[in-house]
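To start, the structure itself, in structure tokens.
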2 protein chains.
Amino acid sequence: MTSSVGVVTPQRMRFDQPLPLQSGAQLPAYELVYETYGTLNAQRSNAVLVCHALNASHHVAGLHADDPKSLGWWDNMVGPGKPVDTDRFFVIGVNNPGSCFGSTGPMHTNPATGRPWGADFPVCTVEDWVDAQARLIEALGIRQLAAVLGGSLGGMQAQAWALRYPERLRHCVAVATAPNLSAQNIAFNEVARRAIVTDPDFHGGHFYAHGVVPKRGLRVARMIGHITYLSDDSMEAKFGRELRDAELHFSTQDIEFQIESYLRYQGDKFSEYFDANTYLLITRALDYFDPARAHGGDLARAYAAAKAIRFLLVSFTTDWRFSPARSREIVKALVDNRADVSYAEIDAPHGHDAFLLEDPRYLAVMRAYFERIAADVTPGARA
Amino acid sequence: MTSSVGVVTPQRMRFDQPLPLQSGAQLPAYELVYETYGTLNAQRSNAVLVCHALNASHHVAGLHADDPKSLGWWDNMVGPGKPVDTDRFFVIGVNNPGSCFGSTGPMHTNPATGRPWGADFPVCTVEDWVDAQARLIEALGIRQLAAVLGGSLGGMQAQAWALRYPERLRHCVAVATAPNLSAQNIAFNEVARRAIVTDPDFHGGHFYAHGVVPKRGLRVARMIGHITYLSDDSMEAKFGRELRDAELHFSTQDIEFQIESYLRYQGDKFSEYFDANTYLLITRALDYFDPARAHGGDLARAYAAAKAIRFLLVSFTTDWRFSPARSREIVKALVDNRADVSYAEIDAPHGHDAFLLEDPRYLAVMRAYFERIAADVTPGARA
């Protein structure tokens, strides 16, 4: 794999002041891991924060020195000459607390017990993550971000930035996201959580001490996730009813169909590196996100706080996890507030995963919008 | 609960001749449990066979004497004055081999070992079930059925009857079904199976000997199933984001949302009575069904064998498990054969479950079609 960003080195920042959480609990002293790409300009006006979704991290672009396979998860979007052009922008990727990719999380030591947090790691919401990110941005000396950008759960964080710190960003770019989870979305999360929690190797979330990992549950969780990331049509186009072998085995446990082989492989791989407690925490953050709740369910009232910000929303026609209709709810709430909102609905076959893939129309929309942002935040230029 | 059929008594029939299976294996001497409602006429021309889906049995209508809650699964469809009118028809419900509701199944004794079959129960296909049913129908002295009727997996059996024994039925009524499973359908089945098979209490399918049941896996399997039975909209209308308690718990394991409570309840209930090996067998029969395969993927060529039969296909707009498009594939194959086919697409909100529910338009379509069947098979009447 190659990347036009090249080799990047993760950095860490320690925060000694506890982070108050929406639950009423607090996260004691914690560390955030982050990466940056490009150069912060003298006016500190060209910073773009990228928020990650379930299975991602601060490692947005580039490669790590020791691993030629370590391409960042949004390397096709972020880099020199890419839609989010690091020749113009100073891009920051940050790993959220509770993650298993470097920032303080369930596998780290709970200072109160001297043992790993495990299932006792405080439940964080999207808003809590954004608060943690805001401290990092402040510590980096950035008063106002040119943009906050994210897809899926990352798009919820971009929304939360707009709603919580409207004076600290100029643009909010939220891709393949929703103003909250539907009952069906919550249902899929809950099944995945039950698979993990009821795995005997979960040990109530304190499996680290037992030297085991609830891999069975993680595999099932990931398999369910994968079904919801792909569209019915793209799964049909990619796998259909293709058999793995020339003849049927007539077995309930052997692999017969290629789709089974694919799902088992994805589940196995995921269970090797992902933390079960992180999975629970992140899916819960998804469930809880619901900015309209505090406003009697009225999303337009929630967005009244953010009307000075400019928005780009992008959705994908075959995304059945966060369908275009969900993005349009946000667009409507913004239009109701006479906010400056652009919306693109991309006719892409790949379902929810489309936000991570190469699609010329999608990348062109992102490029055009970030050119506008560049003009908006570059001294001497005009939007 | 009340039923216009009243109290019914299951019957059993033993078959000493082994049943050859599509896998090349055979099912040794076996028993089928069945029920009948109404009276077989002197011409033996008014028999309707009802085929069951995943979580159902021979007990289509009426109540069992010892259990006032034991209403048959399609009691709203079958009975005196009901759409499938038992004042006119002799209706037969039969439990398939491999089930856990009475017919020979994995929990019964494998004559070769003297121990329960468990995971060694032979894998049966939809066509194998239909072969077993055909023997029962023959033993009941019925040469030609007025109709074979089924929904979902039951609709696949109705199709298999038409394709395999075209001279032995006059009408095929297939509701909420498909000509085969899509990759996504197979994917959901596979996740459910993995949840069961990787439950440590599964013991390779021989859990009976260990005095345990793989309830964790069954729960997860059922929760996944329930998500696919309901439509996104009906789940949203029924549960939305409603909380169970007044305040959030901020917990990854407690129940927060009503949809979680509902799914856990359904999973728990199911794990109390359903057999894990049966779940594996039935989902595999679903996966394998694909009558077009033997004809190079050409469903019209498959249906050439059945063109003398009259068909009713019914689908439901919000069924995303077996969408109307899947029923229309069957309709097209029949039209290509110039077969006599009626098709109704019911605008119902309830997803796949709609085929079991009271919907006046749906029931009216069924009633009208069965009146036509009655006229067709009643001596002296004219279709």
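Note: Cβ is positioned from N, Cα and C throughout, glycine not excepted.
These come from TrEMBL:
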ACT_SITE  B:SER152  active site, nucleophile
ACT_SITE  B:ASP319  active site
ACT_SITE  B:HIS352  active site
BINDING   B:ARG222, B:ASP353  substrate binding site
DOMAIN    B:46-358  domain 'AB hydrolase-1'
SITE      B:ARG321  site 'Important for acyl-CoA specificity'
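Positions of the features from TrEMBL, shown on the structure.
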residue  : record                   : Cβ contacts under 8 Å, 6 or more apart
B:SER152 : active site, nucleophile : B:ALA53, B:LEU54, B:VAL175, B:ALA176, B:THR177, B:ARG321, B:PHE322, B:HIS352, B:PHE355
B:ARG222 : substrate binding site   : B:GLN266, B:GLY267, B:PHE270, B:SER271, B:PHE274
B:ASP319 : active site              : B:ALA176, B:SER231, B:GLY351, B:HIS352, B:ALA354, B:PHE355
B:ASP353 : substrate binding site   : B:TYR229, B:LEU230
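The Cβ of B:ARG321 (site 'Important for acyl-CoA specificity') has 24 other Cβ atoms within 10 Å, all protein chains considered. Under the three-state DSSP scheme, B:ARG222 (substrate binding site) falls in the helix class. Taken residue by residue with DSSP, B:ARG321 (site 'Important for acyl-CoA specificity') is part of neither helix nor strand, so it is coil. The number of other CB atoms found within 10 A of the CB of B:HIS352 (active site), across every protein chain shown, is 23.
Under DSSP, the residue listed as 'active site, nucleophile' is assigned to coil, being neither helix nor strand in the three-state scheme.
Summarised as a single figure, the pLDDT of the domain 'AB hydrolase-1' (B:46-358) averages 97.
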